[in-house]
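The domain 'TMC' annotation in TrEMBL covers 401-511. The transmembrane segment annotation in TrEMBL covers 82-104, 179-197, 272-294, 323-346, 358-378, 410-428, 515-539, 580-600.
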Amino acid sequence: VETGNTEHTWQCIPWAHEDFQQADTENLSRWKWRRTSSKSFKKALSEVKGLSSYLVLWRHDIHSIEGKFGTGIQSYFSFLRFLVLLNFIIFILMFSVVILPTIMYKYGIFNSTSAYISPKNIEDVCTIYEPSGNKGLVYFFTYLKDLLSGTGFLEVTSLFYGYYSIDATWLSVKYNLPLAYLLATFIYLALSFIWIIKRSVEGFKQNLVHDADPFQSYSNKVFAGWDFCITDPSAARLKHRSLQYEIQTDLQEEKLKQKIAERTMEEKLRIYSLRIFINIIVIAILSGCFYSIYRVTAFSQENSSVSIRNDTRTELVNLLVQYLPSMVITLANFIGPLIFSFLIGFEDYTPAFEIKLTLLRCVFVRLANIGVLLFSLWSQISSCGSDKCKPCGYNYKLYPCWESDVGQEMYKLMIFDFIIIIAVALFVDFPRKLLVTHCSCKLVQWFGYREFVISDNVLEIIYGQTICWIGTFFSPFLPAIATIKYFIIFYVKKIVLIHTCKPAARPVRASSSNFFFLVVLLIGLLLAFVPLGVSIAHIPSSKACGPFRNFNTSWEVIPVTVLGFPTPLPQIVFGMASEAFAVPFFVILCIIMFCVIALAQAHKRVIEQLREQLVLMSRDKIFLSRKIAEPEELDFIKFPEQQDNSRSICSS
């Protein structure tokens with residue numbers, strides 16, 4: 001039996017061996033197929049990424065600008081591209097959530113209910129709103145005036161807040177337009193904040209690495225800055241110029257830092273005294289700008305309202321009176337940066353810090369001007385004498401739909417800013433180029449070609465973006481206008497840069513510029529929160545127009561909607577919004593932030609220790625190499641004749 005079993009076992013072994021071999025072959029083929037498919041997928045993915053890089057907006061134009069004028073100016077155009085994409089996404093959001101449902105209601109696609117105001121709470125005089133739409137025969141100039149000022153036929157379109165006067169629409173479910181309008185505002189502000197923070201963190205990392213170890217930056221540019229994948233000669237020249245500008249910027253900043261370190265006490269006192277005096281002048285200029293805008297806005301609102309209703313002035317005078325605040329703001333924005341750019345030259349800062357300080361000063365001029373304009377408007381909307389505001393909570397006689405009036409002011413600022421940019425390019429930059437080229441007058445040659453001042457140009461678009469953030473609540477179509485505006489400005493600035501400007505005498509590094517541009521843009525966004533918060537939560541909403549006609553304020557739609565939830569949810573939501581939840585949550589956030597800061601400090605100390613170890617290791621290597629080289633030098637000194645004889649024998 002045993003032999004029979006062994007013979008049977010030996011007969012089964014070849015078949016088992018063949019089964020194992022077949023299984024191994026199948027596993028190997030599966031592994032090869034998976035590896036091949038993985039490689040093909042990665043290759044296809046890389047090809048898709050390569051093709052998608054060609055779809056990036058203005059990719060070739062920005063690379064060309066980088067090679068000709070350096071990474072500092074290239075960062076401005078990249079920043080402009082970022083704002084174009086941001087405004088386009090904001091417009092898509094507002095169009096899909098607010099504009100499209102309202103247009104469908106207006107054309108009767110869905111059944112809708114218009115907002116109902118209870119007569120028990122609001123008087124009938126608050127609900128009267130008669131837009132100044134054009135009726136009868138209208139001249140071309142009237143259409144032009146309406147197009148520039150947002151009045152007339154534009155006032156009753158979807159461009160402004162007063163057009164969105166429905167409460168809800170139905171498409172199998174109820175669509176609450178007031179809630180959607182307010183949530184869309186919060187979403188575009190949150191989206192802008194998160195996107196700016198994300199890009200700022202990337203720029204902050206680059207800036208931190210550069211400031212922490214300047215020698216590492218030089219080494220990276222000299223030994224690892226070249227892209228060996230470049231095969232096109234024109235692309236190679238662009239990359240060469242870009243590296244040249246980067247190294248030139250670094251060397252110039254190091255030279256200025258060395259000069260600052262060698263200053264005597266007398267020179268320091270003189271410079272600090274001069275800086276204090278210049279800052280006093282700057283504060284005086286800012287105060288004058290703010291007071292002028294406040295007075296002009298009050299004059300414009302009073303006189304333009306009277307002239308439009310009584311028709312005692314011509315249309316041209318009406319247009320000038322309506323645009324008077326925009327003109328004064330634009331004049332302050334034009335003169336202020338010129339004065340600041342002139343004064344900064346006497347303060348003897350580094351090029352990067354000059355741009356930062358000039359930007360900060362100009363930010364306070366441009367953004368604070370918008371704040372003063374809105375403060376002046378609010379003071380006339382909510383603060384009125386002789387009990388005019390008691391029935392409605394605001395000056396309903398002068399501003400029956402005050403949100404549309406604020407939207408018109410933001411619209412005028414946006415349009416006038418665009419007109420000024422185009423006019424400066426056509427009537428200042430190109431004539432100056434022609435005069436310098438064809439006129440040999442000493443005065444003209446002294447002015448020379450214009451430099452592309454990055455701080456002024458960045459501030460122009462940040463100013464316009466702040467207007468867009470504030471005005472989108474009052475004019476939902478404003479992001480579309482801003483997108484078209486920045487799209488045109490890109491090509492205008494590119495033509496002006498290439499044909500009328502010269503490279504900057506003091507180039508600027510892109511890493512610090514990108515980060516600081518985003519910081520200033522973040523300041524503009526945070527300043528936009530203030531007027532929007534006051535308009536939404538403090539000032540009573542208009543009772544004659546808009547989606548919030550049946551609410552005391554725009555914010556009131558949130559608690560009303562929460563109260564409509566099932567029974568447990570309102571208590572939970574209101575509990576989370578109470579102080580009992582907010583205070584512990586804030587404490588926990590502070591503890592987490594403290595732990596993160598402590599961890600960052602520990603990592604920083606570890607990095608410093610590692611750098612010290614690298615320095616010591618390099619010194620040890622130098623010491624050992626010297627010790628190894630010393631015996632050879634001693635042998636050469638002791639027996640020079642033998643070494644010469646050995647060399648002659650080897651040569652023979």
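Just so it is clear, glycine is given a Cβ too, placed from its N, Cα and C backbone atoms.
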Range from 179-197, 272-294, 410-428, 580-600 with most C-beta pairs under 8 A to the transmembrane segment (515-539): 179-197
Helix, strand and coil residues within the domain 'TMC' (401-511) as assigned by DSSP: 86 helix, 4 strand, 21 coil
Per-residue pLDDT averaged over the domain 'TMC' (401-511), given as an integer: 84
Outside the transmembrane segment (272-294), six or more residues from its ends: residues with CB under 8 Å to it: 325, 328-329, 332, 336, 339-340, 343, 346-347, 361, 364-365, 368-369, 372-373, 375-376
